[in-house]
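As structure tokens, the structure follows; a few thoughts come after it.
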Amino acid sequence: MPDPILKLNGLDAFYGDFQALYGVELSVHEGEVLAIIGANGAGKTTMLRSISGLITNDAAQISYRGQQIGNARPDVVAQMGLAMVPEGRQLFPSLSVEENLMIGGRVNRKGPWNLRRVYDLFPILEERRAQASTSLSGGQQQMVAIGRALMSNPDLIMFDEISLGLAPVIIRDIYKALPGIVGGGMSAVIVEQDITKALAVSSRVYCLQEGRVSLEGRSDTVSRDEIARAYFGVE
Amino acid sequence: MDFVNALVQGTLLGGLYALFAAGLSLIFGVMRLVNIAHGDLIVLAAYLGLTTTVALGVHPLVALIVVVPAMAGIGYVLQRAVLNHTLGDDILPPLLVTFGLSVIIQNALLEGYSADPQKMDAGALETASVALGPLSLGVLPLLTFAIAVAVIAGLQWCFYRTPLGRAFRATSDNQDIAQLMGLNKRHVFGLAMALALAVTAVAGILLGIRTSFDPSVGGGRLIFGFEAVIIGGLGNLWGTLVGGVILGVAQTVGATINPGWQLLAGHIAFLVILAVRPNGLFPRISA
């Protein structure tokens, strides 16, 4: 197997004074879709925030394409080709739908994604392009958040709680769009509460429990029992 | 007739107050920084204008070509070197640091220019006037008002029609997420302060043509700017112009009734609006 593009080397991360991650080892390979599961408070969001640079760590604890980025600024990390779709969408309320997408394209990396491609992927957004992002439904907001991340033409896209708070029919639509997103060789890390969905869409899965990796395996071979143990810590 | 005259003169004066306020409003809008040194920066711009006119022998309005970029540069460096380090969840450090900055600027100006009142010489512009029916309008106040409208229209355009404005609004909305979009917030804040002090440069020069100034007058300009921002509503630039006009009119009308009431009338108008509409007349952002 070739070298991973993203590697966590014993990541210890803190959420304020509280240590949220303990020596997490993780790797993402080119074109791979990785699922991260785990209960609330297991450290999933802290992990994504650490990778994206919103939480500063020791430089060597995170490496991306051979460079140490553990203490890199978030805007620098974004320029390197990592994008995040944050939990709860977090669109810019004072920007229109189209402006939200355009600010995602500010990073200005070369690649297939532009406004046209995003609108082709989510046609509803083109109809709503001039509206305030806050006027959209939760599902449409998630589409904007995904489009905004894609506009930077990332090599690795991270989804935090991709389906949290969305209606089941919307979740289905979002998952239907996923292969079109990651099919082009882009790697993805998906944090998801719905274990069935997470396993179906990913090639490998990590489970976090109280800040530690409690399970790592291929999504098509891990058993429900293993997951239940890793998830809840029951013996 | 006196009353109508006061109304018109007050409106024109409001343009100057709006220029005092626009920079404050912009900075608060983008980074939630309350700049106590804002008035002293206006006075600093007036002194830079004075030095430029004297050294180069140019008209004060021509000095804008030098002072606007100079103040913008000072703004960027000030933000990157000092003010960015004070920003965080706690609102106290930026208040204390800009208060200290205010003291430093005042004393530096005292040291450099003495406490003697100074004034910029704008020649015929100072006394020129046009007759409008029974009213006589000064060309300088008219020009000031026109500049204020143009500056606010320009800021509005910058905020809502340009990539820079998009970056300002995104950073103002959510600093973390803006950074995930590849925006370096320290740089964005630096640009915002540069833009704010560019506006301040215009305000300072117009102030220095209109009245005499000395190193101690910054505090008063700060208050006028604050009052205009609050009256108009936070985060709304056109509201800031309206706030400036209301303040200007209140002062001029007050002075018409009794010359001693000029400042008092302005403060009373401010307090009344604060009591009736605590968020100002046209608020855009909730504080």
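Just so you know, glycine gets a Cβ as well, placed from its N, Cα and C.
TrEMBL entries are annotated by machine, without manual review.
What TrEMBL lists as transmembrane segment is B:12-34, B:41-71, B:91-110, B:131-155, B:188-209, B:221-247, B:259-276.
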For the transmembrane segment (B:221-247), distant same-chain residues with Cβ under 8 A (at least six beyond the ends): 10-11, 14-26, 28-29, 36, 38-40, 42-43, 148-149, 152, 155-156, 159, 203, 207, 266-267, 269-270, 273-274, 279-287
Top partner of the transmembrane segment (B:188-209) among B:12-34, B:41-71, B:131-155, B:259-276 - counted as Cβ pairs under 8 Å: B:41-71
When counting Cβ pairs under 8 Å to the transmembrane segment (B:12-34), the leader among B:41-71, B:91-110, B:131-155: B:131-155
Distant-in-sequence neighbours of the transmembrane segment (B:131-155), which means Cβ under 8 A and at least six residues beyond its ends: 1, 4-5, 8-9, 11-16, 18-19, 22, 26, 122, 125, 195, 199, 202, 206, 209-210, 237-238, 240-241, 244
Contact between the transmembrane segment (B:91-110) and the transmembrane segment (B:259-276) (3 or more Cβ pairs under 8 Å, separation 6+): no
Tertiary contacts of the transmembrane segment (B:41-71), as residues 6+ beyond its ends and Cβ separation under 8 Å: 20, 23, 35, 105-106, 109, 112-113, 118, 120-123, 125, 197-198, 200-205, 207-209, 213, 215, 217-218, 221, 225
Distant-in-sequence neighbours of the transmembrane segment (B:259-276), which means Cβ under 8 A and at least six residues beyond its ends: 224, 227, 230-231, 246-248, 250-253
